[in-house]
Amino acid sequence: MQFTKMHGLGNDYIYVNGFEEQLADPATVARAVSDRHFGIGGDGLIIILPSTRADCRMRMFNADGSEAQMCGNGIRCLAKYVYEHDIARQTALQVETLAGVLSLELFPHPSNPNHIEQVRVNMGEPRLQREDIPMKGAPGQVLRESLDVDGTPFEITAVSMGNPHCIVFVDDPQSFDVAYWGPKFERHPAFPEGVNTEFVRVLDDQTFQMRVWERGSGETLACGTGASAVAVACHLNGHTARRLTGHLLGGALELEWNETDNHVYMTGPAVEVFSGAWHGQGV
């Protein structure tokens, strides 16, 4: 199996060109290649496939082999891959995902038009109703709601960006015990499909800092859908404007919750690390 490892702010995935490769058991491959000691090392596996609805289709598997709806950092790297590998040679791209068809704008390097440096993703409209997260409880938005987690009350806001997110505002994300609390949120019975959890500090009305525990992968250096959900939650809670910068462990993302179309736009880098061949488990 030929692969390319890529990352967006350190959120790293193993990419396989599904136009040329067929994987009989992608979940097993995802678990094997994601292992940072016995595999290639990554937060998961992304397969690029043909689509009848868009320029290509993205299938994404977490490090534990579970299939996910979408990944903001992952889709930026996918856009770079399909452009630089001549699958779709245009700077306006449409990608089919389990969260729907997303539109992307690619920005080549000023001195090298063959090299994509930044990608802007239309992440779509945030879904705010409890049943859309999904989360158990009475209908309506989940805004500043108290949730008992292992005997400790947390005030949460829930947002779906095609996948579920639980946003918790804390005093200091850097010192917060994400490794302890992350799994407890992820497996909380209030979230029947599990949940991604962001631990956030608002720095000013245009800036926030966050750490993220991703469902199926654990703590990662960055999460594009998570940062998008945080941008929405920050504004809903009256903390920030609609255009802001999110600082994640792996770097910064530019975010905008557009007032005109209600869509969230995310801009960030995409980096190719290396390519190779995998002859291990699952292929």
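Glycine is no exception: its Cβ is also placed from the backbone N, Cα and C atoms.
Values in this document were obtained by computation on a predicted structure and should not be read as measured data.
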Same-site residue for substrate (record: TrEMBL; known: ASN11, GLY72, ASN73, ASN163, ASN196, GLU214, ARG215, GLY224, THR225; options: ASN17, ASN62): ASN62
Which of ASN11, ASN163, all binding-site residues, has a Cβ with the fewest other Cβ atoms inside 10 Å: ASN163
Site extent for substrate (largest Cα pair distance over ASN11, ASN62, GLY72, ASN73, ASN163, ASN196, GLU214, ARG215, GLY224, THR225, Å): 17
CYS223 (active site, proton acceptor): nearby binding-site residues from ASN11, ASN163, GLU214, Cα cut-off 10 Å: ASN11, GLU214
For the active-site residues CYS71, CYS223, the one whose C-beta sees the most other C-beta atoms within 10 angstroms: CYS223
